[in-house]
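J.: Pasting the feature list from TrEMBL:
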- Cys241: active site (ACT_SITE)
- His320: active site (ACT_SITE)
- His404: active site (ACT_SITE)
- His408: active site (ACT_SITE)
- His437: active site (ACT_SITE)
- Asn441: active site (ACT_SITE)
- 97-386: domain 'FAE' (DOMAIN)
- 403-482: domain 'Beta-ketoacyl-[acyl-carrier-protein] synthase III C-terminal' (DOMAIN)
- 38-59: transmembrane segment (TRANSMEM)
- 80-99: transmembrane segment (TRANSMEM)
Amino acid sequence: MVNGEESGSGRNGVQIRQRRRLPDFLQSINLKYVKLGYHYLITHLLTLCLVPFMAVIVVEASRLSLNDFHQLWIQLQYNLGSFVVFSAVVVFASTVYIMSRPRSVYLVDYSCYLPPPHLKVKYQKFMEHSKLTGDFAESSLEFQRNILERSGLGEETCVPEAMHYLPSRPTMSAAREEAEQVMFGALDKLFANTNVKPRDIGILVVNCSLFNPTPSLSAMIINKYTMRGNVRSFNLGGMGCSAGVIAVDLAKDMLQVHRNSYAIVVSTENITQNWYFGNKKSMLIPNCLFRVGGAAVLLSNWPMDRPRSKYKLVHVVRTHCGANDTAFKCVYQEQDDVGKTGVSLSKDLMAIAGGALKTNITTLGPLVLPISEQILFFVTLVAKKLFDAKIKPYIPDFKLAFDHFCIHAGGRAVIDELEKNLELLPVHAEASRMTLHRFGNTSSSSIWYELAYTEAKGRMRKGNRVWQIAFGSGFKCNSAVWVALRNVKPAPNNPWEDCIHRYPVQLNL
């Protein structure tokens with residue numbers, strides 16, 4: 001056999017010559033691996049350049065004799081004053097840098113509220129109850145049925161106790177009871193898991209958009225746990241589903257000022273007094289999506305807490321589009337034509353969310369993306385501006401920056417759009433979809449249920465980066481980036497511990 005040919009015998013003994021073909025490398029090379037190789041080269045470019053330089057230094061140093069080192073010491077003695085001044089400047093500059101750099105903020109632990117089983121509401125029960133209230137027209141009932149079927153919610157989501165009665169009981173006392181059950185339920189587990197006493201807490205931030213009684217929710221927590229009199233408490237209202245990240249950002253800023261402190265962030269939403277009993281379709285959607293939930297997060301700036309902490313806060317990036325009237329009104333609490341109050345969701349919501357996301361990741365990208373992705377993005381942008389407006393803009397690969405994605409479980413459409421626009425794989429959106437299925441839209445706390453899902457699956461490894469991204473009224477898009485300090489195991493009373501073996505479930509998308 002020569003020239004790439006091989007011989008063989010046919011059925012009748014006739015020699016058959018076949019040409020052996022080499023593989024078509026242009027077709028067989030997976031561009032994904034080319035891109036990963038390019039990313040590795042650019043990321044380690046400085047190291048690769050320094051290796052020859054360091055090798056030259058080592059070679060030259062090896063040629064020095066003992067006499068050369070003696071002469072160097074003599075020269076140093078003659079310039080002792082300069083050496084002392086130089087050393088003092090270095091020590092002073094190092095001290096100033098260490099004292100002025102931002103304090104590290106650690107996430108010691110967090111806890112998500114798990115509603116009791118009797119609060120679960122299945123599709124059929126939801127529709128029957130809605131019909132028996134007598135408040136909804138037949139077209140409104142059909143609209144809610146269609147929304148539920150396409151929502152991505154499962155049969156185990158929960159609504160507050162007041163909504164299980166006929167007629168419903170949306171009273172102030174019932175709303176307070178819901179708030180207490182959720183907040184205290186999450187906090188009790190958090191204090192038990194961390195062995196931190198309530199009187200050790202120096203900073204308390206509570207966010208809840210639609211229920212803001214007097215005294216405040218933060219005051220209710222201080223009263224319940226008899227916290228100390230100088231606790232710095234904050235109550236954030238009306239800031240939508242992205243308020244959880246805002247609360248973390250506020251706690252982070254407070255921890256920069258007050259050293260050796262604990263901060264607690266409580267994120268929740270209250271449904272009891274915010275159920276809509278009218279027939280305006282844009283205001284019926286929240287009834288179908290929002291469910292009971294809440295989370296409590298313990299943050300610390302104590303250096304001694306690092307070994308037992310789960311995560312370290314790396315970045316918080318906030319984007320506010322409220323200067324635009326359309327964005328401002330796309331999630332809007334109002335009264336309908338007959339005076340019934342609810343939250344209206346605009347048809348422009350997804351477009352506005354996309355614009356807010358674009359602005360947010362434009363700021364976040366340079367902070368988290370490897371230099372290889374930044375160069376590709378910049379070159380494509382310049383080429384598009386200078387040469388051909390038809391060049392497709394390069395979408396940075398955020399999978400190179402993050403290992404896990406916690407996308408606010410606002411609805412199936414939100415998750416679909418982010419998965420598509422960020423070119424994520426199904427596994428990256430799994431935590432968000434399963435959280436929506438099991439717990440529904442729990443507003444600002446949904447990103448913590450998603451993080452708990454990832455932990456319950458045993459996927460969180462030391463050094464993994466987590467991107468929490470949430471959208472909220474105003475209109476806002478906020479991101480928080482965390483890095484895992486160890487292989488994270490699920491905490492006791494993880495909200496998924498009784499059902500994680502059933503997930504992920506197959507969804508009819």
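The backbone N, Cα and C atoms fix where each Cβ goes, glycine too.
All annotation found in TrEMBL is predicted automatically rather than curated by experts.
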J.: What are the DSSP helix/strand/coil residue counts across the domain 'Beta-ketoacyl-[acyl-carrier-protein] synthase III C-terminal' (403-482)?
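T.: Its residues divide into 38 helix, 20 strand, 22 coil.
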J.: Averaged over the domain 'Beta-ketoacyl-[acyl-carrier-protein] synthase III C-terminal' (403-482), what pLDDT does the predicted model reach?
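T.: Per the prediction, mean pLDDT sits at 95 for the domain 'Beta-ketoacyl-[acyl-carrier-protein] synthase III C-terminal' (403-482).
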J.: When a 10 Å sphere is centred on the Cβ of His404 (active site), how many other Cβ atoms does it contain?
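T.: So the Cβ neighbour count for His404 (active site) comes to 23.
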J.: Do me a favour and check the Cα-Cα span between His437 (active site) and His404 (active site); whole Å is fine.
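T.: That separation, Cα to Cα, works out to 19 Å.
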J.: Please give me the active-site residues out of Cys241, His320, Asn441 that lie within 10 Å of His408 (active site), comparing Cα atoms only.
T.: Cys241, Asn441
J.: Could you tell me which of these active-site residues, His408, His437, has the fewest other Cβ atoms within 10 Å of its Cβ?
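T.: Checked His408, His437; of these active-site residues, fewest Cβ neighbours within 10 Å: His437.
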J.: If you skip the near sequence neighbours and keep only those at least six away, which residues in the chain come within under 8 angstroms of Asn441 (active site), Cβ to Cβ?
T.: Cys241, Leu289, Phe290, Arg291, Ala409, Gly410, Gly411
J.: When you tally the Cβ atoms that lie within 10 Å of each candidate's Cβ, which of the active-site residues (Cys241, His320) has the highest tally?
T.: Cys241
J.: In whole Å, note down how far the CA of His320 (active site) lies from the CA of His404 (active site).
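T.: Approximately 24 Å lies between the Cα of His404 (active site) and that of His320 (active site).
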